[in-house]
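Take a look at the structure set out below.
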Amino acid sequence: MEISALLTSAGINISICIVLLSLYSILRKQPANYCVYFGRRLVCGGARRYDPFWYERFVPSPSWLVKAWETSEDELLAAAGLDAVVFLRMVIFSIRIFFITAVVCIAFVLPVNYYGQPKVHKEIHLESSEVFTIENLKEGSKWLWVHCLALYIITSAACLLLYFEYRTIAKMRLGHITGSASKPSQFTVLIRAIPWSPDQSYSDTLSKYFTNYYSSSYMSHQMVYHNGIIQRLLLDAERMCQSLKHVAPEINCKPSLTPCTFCGGLTATNSFHILSNEGDSVKGMELGELTMTTPEQERPAAFVFFKTRYDALVVSEVLQTSNPMLWVTDLAPEPHDVYWRNLNIPYRQLWIRRIATLVGAVAFMFVFLIPVTFIQGLTQLQQLSHAFPFLRGILKEKFINQVITGYLPSVILILFFYAVPPLMMYFSTLEGSIARSIRKKSACIKILYFTIWNVFFVNILSGSVIRQLNVFSSVRDIPAQLARAVPTQAGFFTTYCFTSGWASLACEIMQPMALIWNLVAKAVSKNKDESYETLRFPYHTEIPRLLLFGLLGFTNSVIAPLILPFLLIYFFLAYLIYKNQILNVYITKYESGGQYWPIFHNTTIFSLLLTQIIALGFFGLKLSTVASGFTIPLILLTLLFSEYCRHRFAPIFHKHPAQVLIDMDRADKMAGKMEELHKKLHSVYSQIPLHSQKSSSKGECSTPFANQELPDPEKLKPEEGDAIAKELWGYQGNESGQEHEDKSCPSASSPEHRTPTMIELHKRS
């Protein structure tokens, strides 16, 4: 690929990023878009900011960048949980290691590659990208020691940073376990594959078993029921609620002839009258009255509660009977993390489901070879023109040639990749995951394998076939073949960084689908109410993307270092944009407790080993026995480092330490908290979420950013804004002393006096 095609792709993507980021800084200030760009803070009760000038709403500003930069890690941990902190530490690690890599390789490796052979160079934009790769060095060059030294520096820095990050995050995970002392999951074990008995129900069988074998620690249990009827009831209730929202007229607090229901003041004639709250009566009902279940609806699964955390840990770790397919035990996930639908799947089906999903994922990988090969054909039009003469006419148009070979392939690949995450999430659901976080982690691993295979290896293989290079004939030839193929794809990988990296980040912060849906809801459906349906952060798509760019950075570092500055820009943008989105848009309802870090660590080690193998192949091709000899010990040292981390840190992410749990049990007994914790266990794992449970789950939202408020609603002219802006404007007037008439609706500080819009907002906060 020519540098001019590379610059064309860079120019297009830079323009897209500037336009989208400027639009975002304007759209985020508009009251109608608060539910799109501040969904998390609206749900969690974020405050407001006072903008001194009216015209600033329509002027791009970098204030959101400053706020994202200034937010500390402790504030982020309190607001979004451990998974968000771990994800951003992945980004920070990438910034650090690729800053070191870029300095070393741009300063030393790139000049050696460029002047590797004595020849007259063209102007930079007319040069081929292969001039900047290691292929430009002649055989037997004495300058290959520079590449070997750079490889040692990069590997040493990466391993050192990985060690410190792994140690820090392991401590954070232990702090996450000890800091969640009131979580019911630590006292609860999920039992599956309860044996069926014709003489008694599943509940009686379970009670008899645990009373017999765990009488000193067993407390009670909660059966899992067939959720068909329950789900239909909940779905009907949700539809009715949505219907009432959509027909709700616009709410105002202006005086009218109809008295207010609560305060007796004058209010709008078309306002809803809030009737009695049935929450107290629902709380007093027994669980059986709410679920309407019978023994015939019981499933062979249950949540079993124990007196101490240590008792639950022991039961979850040991084999219960001589038949491993019966009485299967696991530590229960958090109540909001439970994936109830999969608890109905018979345990004996799970191994078949896993094999089926593996076969389906592999088959989809092979189907995906077709678009990837087509994309590689677009990048190799010069070679294909010899077999297809009609392509020569296209190549004569310089700009069109640059767009087709430089920009279009990566765009087409990204469009095809939009089908991958939903399909992999579906496969992970079919596997029978008991928790939403486990399902998302499984989808993350599948997408990671799929992405690395198709973007890296398949592109290299298909490019080698088009260039009529020899494909791998034996295992011994793999390093040499990779060494020949990787430099030829350096240009494509760089354009992929522009499109899938820079432009995707700009689309992420714009939230185009949510923005369009919000506009449709307001313009077409005439829905003036705000539902604030916030999203969960897509770890299963963003972590594989981050790791893919890390793989591309490592493998191209000493071979084609021109990609490194562009990757560094991507990681800097990712840090600011993802941090902003986590603070303002995405809400954390469940998390894995930092279990994504081992995936990141292992994939980074794999990237380092692959880089060393490719470098070993190149040193062999360039007939440098000294460089090859020094590379082999580096591979062995990297493997030893990986094995040490696997034994030292990885078990903390898979098991709970008994010492920590016993200390927590003793502390709670001394403080007299055990009875209070035991009382909460039975109700939190109910399949019907009670009103009190919903409120408590919403209450988990932390708001440590009280000074980072939304734009001043008084400056937003509420008569032109949406219903929420009007409500906030009214409350601001009360707070600033501009009170309404004494018969008007009171302020939001009184919980019993709220308009329907604010009641809904209160329930969600």
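Every residue, even glycine, has its Cβ placed from backbone N, Cα and C.
Where the annotation comes from TrEMBL, it is an automatic prediction and has not been curated.
Feature annotations, reproduced from TrEMBL:
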DOMAIN    5-165  domain 'CSC1/OSCA1-like N-terminal transmembrane'
TRANSMEM  6-27  transmembrane segment
TRANSMEM  97-116  transmembrane segment
TRANSMEM  143-164  transmembrane segment
DOMAIN    186-342  domain 'CSC1/OSCA1-like cytosolic'
DOMAIN    353-619  domain 'CSC1/OSCA1-like 7TM region'
TRANSMEM  355-379  transmembrane segment
TRANSMEM  399-427  transmembrane segment
TRANSMEM  447-466  transmembrane segment
TRANSMEM  558-578  transmembrane segment
TRANSMEM  599-620  transmembrane segment
TRANSMEM  626-645  transmembrane segment
REGION    692-765  region 'Disordered'
COMPBIAS  692-706  compositional bias 'Polar residues'
COMPBIAS  712-725  compositional bias 'Basic and acidic residues'
COMPBIAS  751-765  compositional bias 'Basic and acidic residues'
Cβ contacts under 8 Å made by the transmembrane segment (626-645) with residues that lie 6+ beyond its boundaries:
144-145, 147-148, 151-152, 155, 159, 162-163, 166, 601-602, 605, 608-609, 612-613, 615-616, 619-620
What parts of the chain pack near the transmembrane segment (97-116), using Cβ distances under 8 Å and only residues at least 6 beyond its ends?
131-134, 136-138, 141, 143, 146-147, 150, 153-154, 157-158, 161, 550, 553-554, 557-558, 560-562, 564-565, 567-568, 571
What mean pLDDT score does the domain 'CSC1/OSCA1-like cytosolic' (186-342) have in the model?
74
